[in-house]
Amino acid sequence: MTNIRKTHPLMKIVNNAFIDLPAPSNISSWWNFGSLLGICLILQILTGLFLAMHYTADTATAFSSVTHICRDVNYGWIIRYMHANGASMFFICLFMHVGRGIYYGSYTFLETWNIGVILLFATMATAFMGYVLPWGQMSFWGATVITNLLSAIPYIGTNLVEWIWGGFSVDKATLTRFFAFHFILPFIIAALATVHLLFLHETGSNNPTGISSDADKVPFHPYYTIKDILGAFLLILALMLLVLFTPDLLGDPDNYTPANPLNTPPHIKPEWYFLFAYAILRSIPNKLGGVLALVLSILILVLMPLLHTSKQRSMMFRPVSQCLFWILVADLLTLTWIGGQPVEHPYIIIGQLASIMYFLLILVLMPAASTIENNLLKW
């Protein structure tokens, strides 16, 4: 008799995705981040659900309701901090996952890659709206500044901003709709992640060499289930160290002050995971130009497959491209640092140079290096 997991309509799907899935025998720990992102998403949905039971999306009571969760709800503080720091872990995993994709040429799986870029945008939108909900100073002013960027769109900009606000400023209507969107988006992300996985399983996973691994596959279970469980333990360990020892390390002190439309904080900045894009936005002295650069800084990922000029898929055997990749990582870390600094000398010029370097590396230097490496192979 055939095993039920191979015949049952529902179990068959799970079996083909997580048990009998043929996986390359040589995928490294960089391939762990997909499952870690799934764990992060589940964790965020669960903690978010419990927070929503006690939160009120009203300008008069939102800040107080978050304080109430932390002070009066049983284990409310741990749920709140797991949710806030869970977002940081989510983005660490996301950046690692995307970086892996760039390094090993995984972007040649076009559908998988493009859905991944949509997932990145959706996650960024969710995180932004979630940051507005506690209704602290940085929540309010962050929402005001970022939504205001849409006014740079010619002709329809102003109307669009007022439509999103639900009035003439960020107010009760804005908070209510942001809560609604923040609640629904993670489920859309979960659905998209399923499609992401569906397309990945059409082709099978890439591997560090970038060469077809059809001749050498192993079953996903037990080899990669145990590996994913180890990764999950390390993720939970890192998250709980953050939550239990330094829960406010990555937050902004300004967000412990209730939102006040009459008092602007001296330095408006988003959470750390948006700082690189924020630095690119600020480095262009024109509003529309800055907004375009901001969007392009993420949308440029869609161009990755078109910019792939190398005869090899992975960077594993391409030292020049490897060097440029790590310069890109250093550049992104520089942008992240600049995004958190005030707009003054020397930070302005450093940010502008780092922004130019970012686009130059992806659009010009990396494709050029690939072409040079192709020619070196002929020698």
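Every residue, even glycine, has its Cβ placed from backbone N, Cα and C.
Keep in mind it's a predicted model, so treat the numbers as computed, not measured.
Feature annotations, reproduced from Swiss-Prot:
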BINDING   His83, His182  heme b b562 binding site
BINDING   His97, His196  heme b b566 binding site
BINDING   His201  ubiquinone binding site
TRANSMEM  33-53  transmembrane segment
TRANSMEM  77-98  transmembrane segment
TRANSMEM  113-133  transmembrane segment
TRANSMEM  178-198  transmembrane segment
TRANSMEM  226-246  transmembrane segment
TRANSMEM  288-308  transmembrane segment
TRANSMEM  320-340  transmembrane segment
TRANSMEM  347-367  transmembrane segment
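Just so you know, of the binding-site residues His83, His97, His182, His196, His201, the Cβ with the fewest other Cβ atoms around it within 10 Å is the one at His201. The transmembrane segment (178-198) shares the most Cβ pairs under 8 Å with 113-133, out of the stretches 77-98, 113-133, 226-246. Calculated from their C-alpha atoms, the gap between the residue listed as 'ubiquinone binding site' and His182 (heme b b562 binding site) amounts to 29 Å. As a quick check, the transmembrane segment (226-246) and the transmembrane segment (33-53) clear the bar of 3 or more Cβ pairs under 8 A, pairs 6 or more apart, so the two touch. With a cut-off of 8 Å between Cβ atoms, the residues of this chain six or more beyond the transmembrane segment (347-367) that come close are 279-280, 282-284, 293, 296-297, 300, 303-304, 307-309, 321, 324-325, 327-328, 331-332, 334-335, 338-339, 341. His97 (heme b b566 binding site) sits 21 Å from His83 (heme b b562 binding site), counting Cα to Cα.
The CA atom of His83 (heme b b562 binding site) is located 24 Å away from the CA atom of His196 (heme b b566 binding site).
Counting in whole angstrom, His182 (heme b b562 binding site) lies 21 from His196 (heme b b566 binding site) by their C-alpha atoms.
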